[in-house]
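Written out below as structure tokens is the structure these notes cover.
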Amino acid sequence: MEKKTLFDKIWDAHVVRSVPHGPDVFFIDKHFIHEVTSPVAFLNLEKRGVGVLYPERTVATPDHNVPTIDQDKTIKDKLSRMQVERLRENCERHNIELHDLGSAHHGIVHVIGPELGITQPGMTIVCGDSHTSTHGAFGAIAFGIGTSEVEMVFATQCIMQVKAKKMRITVDGELGKGVSSKDIILYIIAKISAAGATGYFVEYAGSAIRALSMEARMTICNMSIEMGARGGLIAPDETTFNYLKGKRYSPKGEEWEKAVAEWRNLQTDEGAVFDKEYQFDAADIEPMITYGTNPGMGIKVKENIPSTDGMEGSNKKSYLKSLDYMGFAPGEPIKGKKVDYVFVGSCTNGRIEDIREVANFVKGKKKADNITAWIVPGSREVEKLAHEEGLVQILEEAGFKLRQPGCSACLAMNDDKIPSGMYAVSTSNRNFEGRQGPGARTLLASPLTVAAVAVTGEISDPREVF
Ligand SMILES: CC(C)[C@H](C(=O)O)[C@@H](O)C(=O)O
Ligand code: SF4
């Protein structure tokens, strides 16, 4: 029998029609939508006089440009207000489940999907958002689509897709103390570059991946896109099933048993062939931080910023331009650099486990005077748990400011902007020029490293801060 990868198995089960040498017509199980990439798709749908074929397969939440204070009041920013209102109208008109601002399950789309048990193994999931790859942590094919494809999914529940190439990244061994899944993914991207997985769908495997919680797996799949991949996925196992059991939309009773039995088959067959494979040793991974303007420009916190030795021409020029933006020089240590802001949040690291980690670290400590510390839960559910577990109190005592759920300073589409020229160490996923505000300088790191930076006021290795 043909040996299949996990990706092949899910893909093949969703092909509605294949055209020789053409893209496949591909069925979509779940469609998440948010306020930024859905309005034009709805508008075009209406122009064509077409409805949403399966509203029950569609779930909406406003997250990108919502304010993170006073969410119960009228939104002040005009564009944000219009987009959120449009989303409400469109959901009502088309009978789509909306987790509105202030409601119990409001939050970043990639945080609430898993939390509600909407995201399940074996599914195909899309959203007009690149970090849809997050949902792959459950053993699903999940990827971002453009607005015209959003329209296509509304109308037909299908899209046209050319099957991606397959890559497997295996990380074996045990992670050291103070090293987390964010360090794994920053390490991988630094190794293979921000374009290293272009054209591929990546399966993460190996004992270090298997040992991770669902939250930690989501962090890894989330950032697959930052190395150019279409998406990333991890085969479901007991960790996955335990996470999903009892969630609002998870199958119940006998249905649950049946589902788990099926999900157990969602594994790459032994001997299945990938187009490309990488192997890494968990023991080589240490706390990581980025120093440049793409997520591939990452080093271990203890290392120096790479020198220009061996660089030439346009490579060297763009490298120096990036360092110039960051205000760093080649060859200098990154540790000890002064920081102005820390941001804990986003669909990469805004989940309860991340907030627990930061709170545990800063308990009984105070943030440094030069630091403004923002903590933005990924969802209302995360916010609620953080209160119930006493984490909010710990964080506030340490000088952190808790804001309400949303994408916030991850992309600064709302008022949560890092001022120009200032340094922010952030748990988010992108460090592009201006990502966190015009002129803002972003360094990506794990929640633990961010907590260490908050306390010391400078780039620090969490293993050295007590
Ligand atoms: C606004 C949206 C389309 C965008 C994305 O697709 O990723 C955003 O979520 C981001 O992280 O940059
Ligand atoms: S939190 Fe950041 S990365 Fe995630 S969806 Fe929002 S803007 Fe995109």
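Placement of Cβ uses the backbone N, Cα and C atoms for every residue, glycine included.
Reduced to three states, the DSSP call for Cys407 ([4Fe-4S] cluster binding site) is coil. The [4Fe-4S] cluster binding site annotation in TrEMBL covers Cys347, Cys407, Cys410.
Secondary structure from DSSP puts Cys347 ([4Fe-4S] cluster binding site) in a helix. All chains included, 31 other C-beta atoms sit within 10 angstroms of the C-beta of Cys407 ([4Fe-4S] cluster binding site). Within 8 Å of the Cβ centroid of the [4Fe-4S] cluster site, not counting the listed residues Cys347, Cys407, Cys410, the chain contributes Asp63, His64, Ile108, His110, His131, Gly345, Ser346, Thr348, Gly350, Gly378, Gly406, Ser408, Leu411, Ser428, Asn429. For Cys410 ([4Fe-4S] cluster binding site), applying a Cβ distance below 8 Å and a minimum sequence separation of six or more within one chain yields Phe343, Gly345, Ser346, Cys347, Thr348, Ser426, Ser428, Asn429, Arg430, Arg435, Gln436.
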